[in-house]
Amino acid sequence: MRYVASREEMQNIDAYSINNVGIPGIVLMEKAALALEEVFLERIPTDSRVLIVTEKGNNGGDGLALGRLLLEEGYTVDFYEIGVIPHDSDSHQIQKHILEQMEADFLMKFPDEEYDVIVDAIFGVGLKREVAGRHREVIERLNQMEALKVAVDVPSGVDASAGQILGIAFEADITVTFGLPKVGLLLYPGADVSGEVIVKEIGFPNKAVEEIAPQMVSFTTDDLEYLPERKAWTNKGSYGKVLLIAGSKNMAGAALLSGTAAYKSGSGLVRIFSCEENRVILQEKLPEAILTTYDSEEKAWELLPESLSWASVIGIGPGIGQSAFARKLVKQVLTLGKAPLVIDADGLNNLAALLQEDTELRQLFHEYEGGMILTPHLKEMSRLTGEEIAEIRSNLPKAAASTADKGHVIVLKDARTIVSDGSVPSYINMSGNNGMATGGSGDVLTGIICGFLAGGLDILTAARLGVYCHGLAGDAAAKEKGYYSVLAGDLPNYLETILKRKHFPEEI
Ligand SMILES: NC(=O)C1=CN([C@@H]2O[C@H](COP(=O)(O)OP(=O)(O)OC[C@H]3O[C@@H](n4cnc5c(N)ncnc54)[C@H](OP(=O)(O)O)[C@@H]3O)[C@@H](O)[C@H]2O)[C@@H](O)CC1
Ligand SMILES: [K+]
């Protein structure tokens, strides 16, 4: 697990490293420049022409130090310092002095020439307000130029805490960020202008990071170790019984996708509770599943209690529709269910309606004892909370944390999904891609989370790891099929290659 920092947290880590641990700022700056240089040497030929655009803060200092290292490597480097902020940072002054001693040229006006690479070292985590005036003009011109665009730490104009664009932002192809990923580089629209985000270690001591303890975390492949244990002496009863209440007439696919994903993520038994019309297709496509089907509402109410008491995990929602019957299904599950419960898709839409109109249900919902995971996308979240989508989007972590009730976990699905149980840290997901914005992808996620719960994970870990592995499966699928052609049905197959890493890391 690694921390993801807001602007203020990163500034505090900086300050703690320098003031309390005693690492000189100029040392950190040199390591930042070396980290940038490493990216250049790996990816950019040394005969390239580079324009480095700076201001007088430490972000600018990083840019100047990088320029010095690049000159030594043989790159052609022009420096353009905007220089309208009133004070130089100490480290910036030192870097400027060194370059003057080296007789490096500083351009007096914005260049008309062409460059292969443009480096944005105008503002980093010190950006505090709207970008205006000369800064705005320069960023506008840089964005119009044809070149590879590299941002130092944060693209200038991106609020490192929430990903908002403060007026205008440098549009980077690559952002080399120091120490920890910044929240603003991961959330949209900041993520859109950050390009590929490369995180480089520059010597912030662990003590500083632990002391500040940022409020967001993310997973890396090391965290696959949290996958449910598989012991030698076990049987299908050891890995849980998942009941999926999914599908309705003409909506067999949702049940099939979540059922397949639940099996592929390790469930011992998967039982699908659906309408009789779906029996044949489910039986053919997923013969491993136990089917409980109803051909009338009366039959459904007769069968449901036994199915619920059988289950060690319950998932409800994919493809159930929004009829009065589906609404009652959700209510019955909240009334009779005892196991950890995942509510998704139409399950959430029905829940939203019930919460508005039914006081008794509100109580059942708040007091559900088995633990609950809700997996809304922004529209479903808006229905659940009554908040506008734009408002939710303006601060996803806050929206997720404030909606998570006691014993509930919210999986707020977006290009960067947030998982929160209302406490800190919340989780921001860094796997996945736009190829997964396709019908049925959410049904697969529900199945994966149910499978991980069935394997014995607690609700928070199952939700975080489910989202992470779902994204990794999507990344593996996109790598082979391209972003246009990933189907939700592909994801359970690619999931195999991800989960396999826990026991066969050498084969990947
Ligand atoms: N600490 C360290 O030693 C290390 C730091 N590192 C690097 O330093 C970066 C942080 O540096 P930083 O704190 O100096 O802030 P930076 O982003 O350069 O900008 C600050 C200046 O901009 C100004 N300003 C702000 N907003 C503005 C606006 N809208 N329009 C106009 N002006 C505006 C602001 O003015 P003020 O608000 O104070 O009046 C201030 O003068 C960090 O991202 C990393 O790259 C690494 O080298 C590791 C070691
Ligand atoms: K920058």
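Even glycines carry a Cβ here, placed using N, Cα and C.
If you look up TrEMBL, you'll see 58-62, 124-130, Asp153, Ala254, Gly319, His377, Asp443 marked as (6S)-NADPHX binding site. Residues near His377 ((6S)-NADPHX binding site) in space but far in sequence (CB under 8 A, at least 6 apart, same chain), listed by position: Leu412, Lys413, Asp414, Gly442.
Counting Cβ atoms from all protein chains shown, Asp120 (K(+) binding site) has 30 others lying within 10 Å of its own Cβ. The annotation K(+) binding site is assigned in TrEMBL to Asn59, Asp120, Ser156.
Under the heading AMP binding site, TrEMBL lists Lys413, Asp414, Ala415, Arg416, Thr417, Gly442. Taken residue by residue with DSSP, Arg416 (AMP binding site) is part of neither helix nor strand, so it is coil. Its own atom aside, the Cβ of Arg416 (AMP binding site) has 23 Cβ atoms within 10 angstroms in the protein chains shown.
Averaged across the domain 'YjeF N-terminal' (10-210), pLDDT for the predicted model comes to 97. Here TrEMBL flags 10-210 as domain 'YjeF N-terminal'.
The annotation domain 'YjeF C-terminal' is assigned in TrEMBL to 219-502.
Every protein chain considered, the tally of other Cβ atoms within 10 Å of the Cβ of Lys128 ((6S)-NADPHX binding site) stands at 9. Once Cβ contacts within 10 Å are tallied over all protein chains shown, the binding-site residues Gly61, Gly442 are led by Gly61. When the binding-site residues Val125, Ala415 are compared by the number of other C-beta atoms lying within 10 angstroms of their own C-beta, Ala415 comes out lowest. Taking a Cβ distance under 6 Å to any atom of ligand 1 as the criterion, the binding-site residues Asp120, Ser156, Ala415, Arg416, Gly442 reduce to none. Not one of the binding-site residues Asn58, Lys128, Lys413, Ala415, Arg416, Thr417 places a Cβ under 6 Å from an atom of ligand 2. Across the fold, the C-alpha of Ala415 (AMP binding site) and the C-alpha of Lys128 ((6S)-NADPHX binding site) stand 25 Å from each other.
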